[in-house]
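*Asks:* Below is the structure I would like to discuss, written out as structure tokens.
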């Protein structure tokens, strides 16, 4: 049975406030039946140096991705993962992580691929929890098998592929959420990260550049509904929007903002992103600060 939504007035203006919880709400419901807490970080070692009591760790790389094919795990593997982590199909899952929930949003997006009904983010994530000196532990909870059912992934509503992107160029909004250096073609990866994963640099023609981190404030919380509406004011209600980054993790954060905080009806994450596009043969690429135009073939 899903837990009640967080009634905090700080969340009420969002289109789907039930997709967020505050630290106060999580503290008050900690240990409640039907609540599963998940930590998913970019830095996969953080869980081991202290985490929210009762939280289990999901490693974005080893737990959610197929070990050989570039794809996500299948229904059988997801059910096994949920069993191992003690998560039931009808649990309320609250996910949090480092860096303004960057990777936590990615985990939430994967949960959504499998149709888990009630999955939420902790607003502010791990960093805000620690900044407020809330309780942490080194204890790893012992979980029992939940009998999570095998549910096949449903990619179509929220996942885009390369051909989908080619089909909408110039006709529907395309948002590049990477760093300015990546967008302009100066780098193939973020500053302070190794240059790897793509043979070409730049961005997809017509893509508007809005770095994912602009949706969060200095505390790691999401910006207000009003601020977010201004940031994405070019998106119309009937648009079919696609977001992308390098491997789909930063764009998952933007997907969450557009879908759950602003209520946009048709938003898909192109998780192939630049490590596919920047290696593909004969796809159009633009360098510089302007979105560019669709080339005439």
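Note: Cβ is positioned from N, Cα and C throughout, glycine not excepted.
It should be emphasised that the depicted structure is a prediction, and the values quoted were computed from it without experimental measurement.
Checked Swiss-Prot, it gives:
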type     : residues : note
MOD_RES  : 2        : N-acetylproline
DOMAIN   : 31-138   : domain 'Rhodanese 1'
DOMAIN   : 168-286  : domain 'Rhodanese 2'
ACT_SITE : 245      : active site, cysteine persulfide intermediate
BINDING  : 250      : substrate binding site
*Asks:* May I have the DSSP-based helix, strand and coil counts for the residues of the domain 'Rhodanese 1' (31-138)?
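*Replies:* Across the domain 'Rhodanese 1' (31-138), the residues distribute as 38 helix, 20 strand, 50 coil.
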*Asks:* For the residue listed as 'N-acetylproline', which residues in the same chain are close in space, meaning a Cβ under 8 Å from its Cβ, but six or more apart along the sequence?
*Replies:* 34, 90, 92, 117, 118
*Asks:* Averaged over the whole of the domain 'Rhodanese 2' (168-286), what is the pLDDT?
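*Replies:* That region's mean pLDDT is 96.
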*Asks:* If you skip the near sequence neighbours and keep only those at least six away, which residues in the chain come within under 8 angstroms of residue 250 (substrate binding site), Cβ to Cβ?
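*Replies:* The list for residue 250 (substrate binding site) reads 102, 177, 178, 212, given in order along the sequence.
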*Asks:* Sort out the sequence-distant neighbours of residue 245 (active site, cysteine persulfide intermediate) for me: same chain, 6+ apart, CB within less than 8 Å of its CB, listed by position.
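*Replies:* In sequence order, 176, 177, 178, 212, 251, 273, 274 meet the Cβ cut-off.
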*Asks:* Translate the DSSP assignment of residue 2 (N-acetylproline) into the three-state scheme.
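*Replies:* In the DSSP reduction, residue 2 (N-acetylproline) maps to coil.
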